[in-house]
Each structure stands twice: as C-alpha cells, then as structure tokens.
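Structure first, then comments.
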Amino acid sequence: TDMTMSTWLPPAHILSTELEGWAASLEEASDGSLNVDIYPSQQLGAAPDHYDMARDGIVDMALVSPAYNAGRFPIFAYVEIPFSFGNSTTGTRAFHEWFLDYAGAEMGDVKVCLITLHAPGLMHFAKEGVETPEDLSGLRMRPAGPTVAEWLTQQGANIVPSSLPEVRELADRNVIDGTTLPWDMADFGIHEALSFHLDMPMYVGAQVHVINPSFYDSLSDDERAAVDSHCTPEWSERISTAWFDEAERFRVQLSEDDSQTIYAISADQKAAWRATSDPVRDAGYAAVSAKYADIDGAEIGAMLQEKLEAAGAAYDSVE
Amino acid sequence: MEGELVAILGFSALFVLMILRVPVGIAMGLVGVFGFMAMRGVGPGLNLLLNSPFRTASDYTLSVVPMFVLMGVFASRSGMSSELFRVSRAFVGHRRGGLAVSTILACAGFAAINGSSLATAATMTKIAMPEMRREGYEASFAAGSIAAGGTLGIIIPPSVAMLVYAILTEQDVASLFIAGILPGLLAVALYSGAIWIVSFRRPEAFPVAQRTDRRERIIALRDVWATLLLFSLVFGSMYLGVVTVAEAAALGAVGTMIIGVLRGRLDFPAIRECLIEALRTTASIFTIAIGAFLFGYFLAITRTTQNLTGFITALDMAPAMIMALLLLGYLLLGAFVDEIAIVILTIPIVYPAVIAMGFDPIWFGVIIVMTVSIGLISPPVGMNVYVINSIDREIGLVGIFKGVMPFLAADLVRLLLLSIFPAISLLLPSLMP
Amino acid sequence: MARVIRWIEVFAGYSIGVVALLTFFEALLRYVFRVQIPDAYSFAGLLQAVAVFWGISTATYAGRHITVDILWEALPKSLARWIDVFAGLVSLLFFGLLSVMLFRKILISAGSSEATNQLHVPLWIFIAAAAIGVFAATFLNLVRIFEHLRSATRVKES
Ligand code: NA
Ligand code: NA
C-alpha cells in the first residue's frame with residue numbers, strides 16, 4: 001500500500017530527515033507492504049491547510065502545525081503557553097500521552113500519530129538591552145504562534161506575524177526588532193540580523209502528525225499494527241530528541257561565534273518574566289472551557305502540569 | 001493509474017481546453033482537480049477546491065501584484081506618462097528618428113513606475129502616436145516603436161512578470177527587480193540603436209522634427225519630479241532594505257495617488273475608476289494563479305517535475321545547449337500565449353531542472369522575463385500590437401508587425417548578450433547592502 | 001445587469017484600495033509611531049480574497065479572463081460562437097464545483113472557531129464574503145452562456 005505523506009518543511013530540515021527515518025522504519029515493520037511517499041515543501045498544499053488535507057484525503061498523512069490555525073485547536077494550544085515546558089524531549093512524550101485523552105474531542109476527524117516539539121525557544125533581538133518584560137514594550141516582534149503572540153502583545157510589543165522562511169528578510173530589513181525561536185534559527189541565517197540572544201528558553205512549539213481515518217481503516221491488520229507501533233509517544237520523543245540535539249549543536253556554534261551575544265539575566269529577573277504568563281494561561285484555559293462543554297480547561301491544564309512534572313519536563317524542574 | 005500516463009493525459013487535456021478558449025486559469029484548475037482525482041480519488045480531488053483557491057486569493061505575499069498594478073494605473077491616469085514623453089521629446093525629439101527614441105525613453109520612464117506592458121503600450125499609443133503622425137513618421141514604424149517600448153513595462157522593474165517568478169520560486173523580489181535594471185537600460189539602448197539604423201537606411205520613415213528651445217526644455221524637465229520621486233522612493237527603500245516589498249508596493253500605490261490628488265489630477269471619481277481598472281487586472285492574474293496552484297498539486301502528485309528534472313539532467317547535453325533549447329521553446333510559446341500565463345504555467349516545472357543544472361535563479365528570472373516579453377510583439381499573437389491596433393485603427397495588424405521587426409532583432413541581440421554576459425543582470429544585486 | 005456588475009466592481013475596487021491603505025498605514029505607523037494596526041496583515045489578505053473573487057465574477061461576465069485566442073480568431077464567426085459556448089460550459093463546471101466546496105468551507109470554518117490572530121475575528125465571515133463572489137461568478141457565467149446562444153455572432157470582450 002502506498003502512503004502519501006505531506007510536509008511543509010524543506011527536505012533538508014532535521015524534522016524532514018527524521019521523518020524519512022521514521023518512514024523507513026515503518027516500511028520495514030510492515031515487511032515492505034507499506035510504501036511511504038513523502039512530499040516536502042508544501043508541494044501538495046499550503047502549510048496552514050495540512051490538517052484539512054489529511055482529513056479530506058488529499059494526502060494520507062500530514063505534518064500539521066496547529067499554530068497556523070489560531071483558535072481552532074485550543075487544547076493543543078496549551079503546549080505553546082510560555083514557561084510551561086522545561087524540555088522538549090521527555091516533555092514531548094508527556095504531552096503526547098496527555099493529549100491522546102482529548103484527541104477525540106479536538107481532532108476527531110483524523111488519527112493523531114505523532115507529536116513533535118522543537119527545542120525550547122528563546123528570544124533573539126537585533127539590539128542589546130532586553131532584560132525585563134517591560135523592555136519588550138514598543139519592540140516589533142515576530143511571534144512563534146498565536147499564544148506567544150498574545151503574550152508578547154500583553155508585554156506591550158508590536159506583533160509582526162510571518163512564516164519562518166520570511167523571518168530573515170524581515171530582520172534584514174529592520175521590519176522586526178526580534179523574534180522567538182529555538183537555536184536552530186541559525187539554520188536560516190536569522191542570527192546574522194538578530195545576534196542578541198536572551199538565554200532564557202521559555203516556550204515550545206509543536207507539530208502534530210495526523211493520518212486520514214479512511215486510509216487507516218483500509219489497511220490490512222498487519223499494516224495497521226505496523227502503523228500503530230510507529231504512532232507512539234516513544235517515537236514522538238525519539239524524533240524530538242534528535243531535533244533538540246540539532247538545536248544544541250547550533251547553540252554551541254553560536255556561543256563560539258564572536259559576532260553573537262548570548263546574555264544571561266538574574267534569578268529575580270527570571271521570576272519577573274515567569275509571572276507574566278498567567279494571563280495567557282488563564283485565557284487559554286477559558287477558551288477550552290468555552291469551546292467544549294464537557295471539558296474544564298483549568299482542570300486538564302493542571303493535569304498537564306502534573307504529567308510534565310512526573311516526566312521531569314515542567315519548567316521549574318529545569319531551573 | 002501510472003503518474004506518467006495521467007500527466008501526459010493531463011497536459012493533452014490542458015492543451016485542448018486552452019485552444020478551445022477556456023480561460024487559462026480555469027483550464028489549469030480543472031485539469032488539476034480531475035487529474036488529482038485520477039491519482040487519489042474523486043473526493044480528494046474535489047477537496048482541493050475547499051482550501052487552495054481561497055488560500056491563493058488571500059495570500060498576502062501576492063498583494064504586491066495588485067499594488068504595483070494600482071501604482072501604474074494611478075500614474076497613467078494622473079498624466080505622468082505624457083510628462084515623460086514631453087521631456088524626452090524636448091531633449092532628443094529633434095534628431096533623426098528622435099520622436100521614436102523619445103517614445104522609447106518615455107516608455108522606459110513610465111515602466112519604472114508601473115509593472116505592466118499593456119498599460120505602457122496603451123498609454124503611449126494615445127500620447128506618442130498622434131505626435132509622430134503629425135511629424136510625418138511612417139505609421140508602421142511609429143507603432144512598432146510604441147509596441148517595443150511597451151515591452152519595457154515588464155522588462156524594467158517593477159514588473160508583474162518578475163513578481164510572479166519571484167513568488168513562485170521563493171526568490172527575493174528586491175534582488176530580482178534590482179537585477180532587471182541594467183538589462184532594461186540595455187534594452188533601451190538597443191531599441192534606440194534599431195531606430196537609428198532604420199532611420200539611417202530609410203530617412204523618409206523618420207523625418208526630423210522641430211527643435212525645442214531651452215526654456216521649454218526646462219519647463220518639461222520640471223514636470224518629471226513626481227516620476228523620479230516615486231521611483232526613488234520605491235526602489236530606494238527596497239534597495240536599502242528598510243521596507244518589505246509589499247510595503248514598498250503599497251507605498252508606491254498610495255504615494256502615486258497622493259501626488260495625483262495634490263496636483264489636482266485625481267479626484268474621487270477618477271480614483272474609483274483606477275481602483276476598478278486595477279481590480280480587473282488583478283482578477284485576471286489571480287484566476288491564473290488559482291488555477292496554477294491546483295495544477296501544481298497535480299504535477300506534484302504525478303511527480304512530473306521530478307521526472308522531468310531527472311530526464312533533463314540525465315541528458316548527455318551541455319547545460320548551455322539545454323538552456324538554448326529551453327529559451328527557443330519559450331520564444332515559440334510566447335508567440336502564442338499570454339506572458340504571465342507562461343511564467344505561472346511553466347516555471348514550477350522548468351525551474352527545478354534549471355537550478356539542478358547550476359544556473360543562477362536570479363539570472364534565469366531576468367532572462368525568462370526578457371524572453372517572454374518578446375512574445376508581446378512577435379506574431380501571430382502579440383498583445384502589445386493588438387492593444388495598439390485596438391486604439392489606432394488605421395495601420396492594421398500586419399503593418400504594425402512589420403514596424404516591429406527591427407525591434408524584434410534588437411530583442412534577440414539583447415537575449416544573446418544577456419546569456420553570454422550574466423553579469424549584466426547579476427552585477428547590481430551583488431552590490432546590494 | 002450593467003448596474004449589478006458596476007456595483008460589484010466598485011465594491012471590489014474599494015477593497016483593493018483598502019488593502020493598499022492598510023499596508024501603507026500599517027508600515028507608516030509602525031516606523032514613525034511604533035504602534036501597530038492589529039491583524040493588519042490578516043485583514044489585508046482576507047480583503048484581497050474578497051476583491052479577487054468578486055473581481056473574477058465580473059471578469060467572467062465580461063469575458064475578460066486571459067485566453068488563448070489563436071483558433072478562435074481563425075475560425076468563422078458562426079463556429080467561434082460555439083467555441084465560446086463550450087468554454088462557457090467548462091468554466092461553469094469549474095465555478096459550480098468551486099461554489100459547492102466554498103459553501104462547505106464556510107460551514108466547516110464556522111464550526112471550528114478559527115479566528116484572526118489578535119482580534120479573534122471569526123474567519124468564516126471573510127470566507128462567506130469572498131464565496132459570494134464565486135456564487136456570483138457561477139450565475140454570471142450562466143448568463144453569459146445564454147447571451148452567446150442568443151447572439152448570432154461571437155461576442156467580443158467589453
Ligand atoms: Na515596469
Ligand atoms: Na507573440
């Protein structure tokens with residue numbers, strides 16, 4: 001059986017190469033009965049349409065960034081609340097396990113297979129001087145996703161939304177003063193324009209990899225077993241760990257680069273930053289309670305925190 | 001079904017539909033949808049229509065197209081094209097063939113603030129044709145110089161064709177525009193050369209016009225401040241990299257409007273008509289873009305692009321030879337098909353192979369726009385010639401095509417020079433800060 | 001009919017103007033005063049979609065789409081008219097399918113709480129506004145086919 005899989009990332013991206021490895025392993029597990037065809041770089045549809053593409057059968061499996069669909073997946077959006085995740089490795093597994101309980105409610109028209117996190121993201125600026133939340137006021141920031149955007153707005157920053165490939169141009173042209181991204185932003189050359197890095201990893205971004213349910217149902221028992229064995233929190237952790245290692249490589253590279261400034265702030269300043277995320281957290285919880293009658297947003301939020309703590313992936317456990 | 005077979009059937013269907021005058025965008029869209037159905041099933045094929053067309057229409061990066069179109073419409077409506085003609089006539093009009101050279105220069109100036117060839121040709125026909133007639137110019141050569149000058153609209157940036165290329169290939173629009181400047185000037189020089197040769201061999205075609213006195217020259221010169229200001233505003237900000245291209249385009253459109261209003265040349269009804277004119281151009285370009293994306297998904301799912309790239313790179317032929325054949329193909333295509341449509345239709349297929357052969361993406365963008373622009377004046381379907389013919393009914397298509405011939409020769413020379421010396425296009429972008 | 005077309009074009013033309021002004025003022029305010037228009041980019045893109053689809057409807061009626069005319073120009077007028085009818089029917093198929101799917105898209109989007117990033121304006125409103133343009137295109141396409149059938153000769157675009 002041919003399995004058509006779409007991503008919006010370029011083929012050289014670490015997530016693309018990891019997915020190739022995942023696909024090869026899946027093919028092997030099915031004894032060659034499954035054949036995965038990967039179409040990278042938005043060849044089969046725009047990045048924000050990838051959830052619908054899997055749902056509608058345009059492809060069998062798609063790499064989805066729910067951050068592109070503001071307001072549509074409020075439960076999944078918990079992942080992006082700043083100062084929640086301490087790491088993106090065991091954190092991925094914990095989040096995947098937690099989200100499966102709500103996948104039916106939020107992504108009921110697809111099968112959730114994998115959830116991947118990028119390495120904890122931090123803020124990068126064109127100029128020095130941002131040490132406290134107040135320093136963000138008036139800066140033009142390109143946010144990671146809608147939750148981070150809302151958080152930045154609350155700190156008084158101006159939002160300039162853009163896709164990842166455009167960030168470099170915006171930074172080069174002084175359209176933005178900063179952005180939030182993990183260290184592998186250097187892969188896009190963004191560090192050349194934004195060379196001041198506040199050494200305070202503060203949020204994570206997530207992708208969910210979903211499968212068309214009719215395609216899944218049409219598989220033979222053996223094929224389905226192979227897919228099931230590859231749609232697990234363990235696989236999610238494995239892929240995210242590789243991504244984290246990649247980001248670390250860039251962090252080391254930038255720390256050895258004289259043109260780059262990685263600066264730390266005091267513990268008091270960090271505490272001040274942490275306190276700023278409560279409003280977006282509460283708003284995120286409220287959005288869930290409002291959209292799903294039978295789900296209490298705050299309650300499942302607390303469950304996610306517990307889960308993260310148990311996995312050693314809560315924000316506190318790292319400090 | 002096999003991808004290759006479906007792809008061949010798809011291309012055949014596309015050809016038949018287009019020749020039966022189904023709008024290019026709609027033909028591409030339908031073939032894309034039904035071809036996708038053949039590969040993935042009826043439901044998935046139909047579902048392409050759920051998101052993709054709206055996604056294309058609402059794509060903010062494409063907003064540069066209507067913005068530059070709008071800028072050109074405002075500029076034309078507020079009389080900036082006739083100012084340009086007046087000043088170039090004041091300075092070179094009295095030389096042999098001078099009015100024709102003036103036309104080319106005015107076209108070049110107008111091209112620097114608008115992105116469309118048809119707009120350039122249309123507006124210059126109204127302005128320059130009566131003047132050249134009055135001075136006894138042979139009508140077919142006069143019209144030929146306007147038709148050729150009109151192609152500068154997409155050769156000299158801003159250019160809708162370059163925009164479309166840059167967006168499709170994810171190249172930097174600013175770099176591509178900057179890369180188009182020197183080749184545009186080369187085009188002006190070669191067109192002027194063509195006029196000079198013709199006037200040398202057939203003096204009766206281009207009589208000598210009256211000399212303008214110095215006072216009039218200065219008055220005429222004073223009028224072009226608006227054009228210079230707008231051009232430097234848009235390109236200066238883009239060259240220095242202080243705004244995005246979308247912002248530069250909006251700056252150009254709104255700036256042209258404000259200047260037009262301040263000089264008393266645009267009132268509210270005129271602005272409304274300009275908006276409608278820009279909307280019409282925008283709608284016809286977006287129809288093709290919408291169809292092209294749908295067709296692109298069909299190309300992807302049949303792996304046509306990859307297969308073609310593999311085929312071409314496996315050919316035992318020098319890349320320069322392949323490029324020559326490719327450009328020849330574009331010349332032939334350009335003779336029949338709309339220029340924007342050609343770029344949207346073929347670039348997604350051809351571009352990966354060209355890059356795989358090691359050609360520079362910016363250079364290729366410039367050369368492709370140059371090549372398809374020739375189609376605007378080449379028989380049998382030359383849109384610029386058609387536009388002139390629809391405004392000036394006395395010469396006839398054959399007459400205008402005859403007058404275009406020296407300029408076609410100049411175009412081929414330019415194409416050759418650009419291919420041999422890529423630096424003509426690549427020098428300026430390499431100097432960008 | 002001419003008044004309806006005019007009204008559609010004026011409305012869509014203004015939308016283009018608003019896109020230009022939004023982008024212009026967004027940049028101006030951002031550079032000069034360091035304040036921003038929330039969701040400016042989203043609104044500009046969404047308004048552009050409305051303008052484009054409404055513009056496509058009048059382009060369809062007026063026969064202003066980009067076409068390959070080589071065969072059509074060469075044929076006698078009586079035959080060319082049938083080519084117009086055929087092309088009209090093919091276009092009708094496209095716009096008909098697109099109308100159905102856009103109608104579905106409105107429903108799906110309204111049910112999904114999708115909204116703009118900052119002001120949380122529901123997206124379905126814009127999708128519906130744009131979709132009206134495609135519904136109009138379908139209808140005007142039908143009208144055009146009838147006009148071709150009625151007229152004895154090919155209709156030159158206006
Ligand atoms: Na131009
Ligand atoms: Na031609």
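Cβ atoms are placed via backbone N, Cα and C, with glycine included.
Remember, predicted model here, so these are calculated numbers, not experimental data.
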Note = Per TrEMBL, the transmembrane segment among B:60-79, B:400-419 spans residues B:60-79
Task = Given the cut-off of 8 Å on Cβ pairs that are 6 or more apart in sequence, determine whether the transmembrane segment (B:141-168) and the transmembrane segment (B:340-357) share at least 3 such pairs.
result = yes
Request  = Give, as a single whole number between 0 and 100, the mean pLDDT over the domain 'TRAP C4-dicarboxylate transport system permease DctM subunit' (B:13-424).
outcome  = 90
Request  = Look at every Cβ pair spanning the transmembrane segment (B:311-333) and the transmembrane segment (B:174-198), keep those 6 or more apart in sequence, and say whether at least 3 of them are under 8 Å.
outcome  = no
Ask   = What else in the chain is close to the transmembrane segment (B:174-198), if you only count residues 6 or more beyond its ends and a Cβ gap under 8 Å?
value = 96-97, 100-101, 104-105, 108, 111, 141, 145, 148-149, 151-152, 155-159, 162, 165-166, 205-206, 235, 238-239, 241, 245, 248, 362-363, 365-366, 369-370, 406-407, 409-411, 413-414, 417-418, 424-429, 432
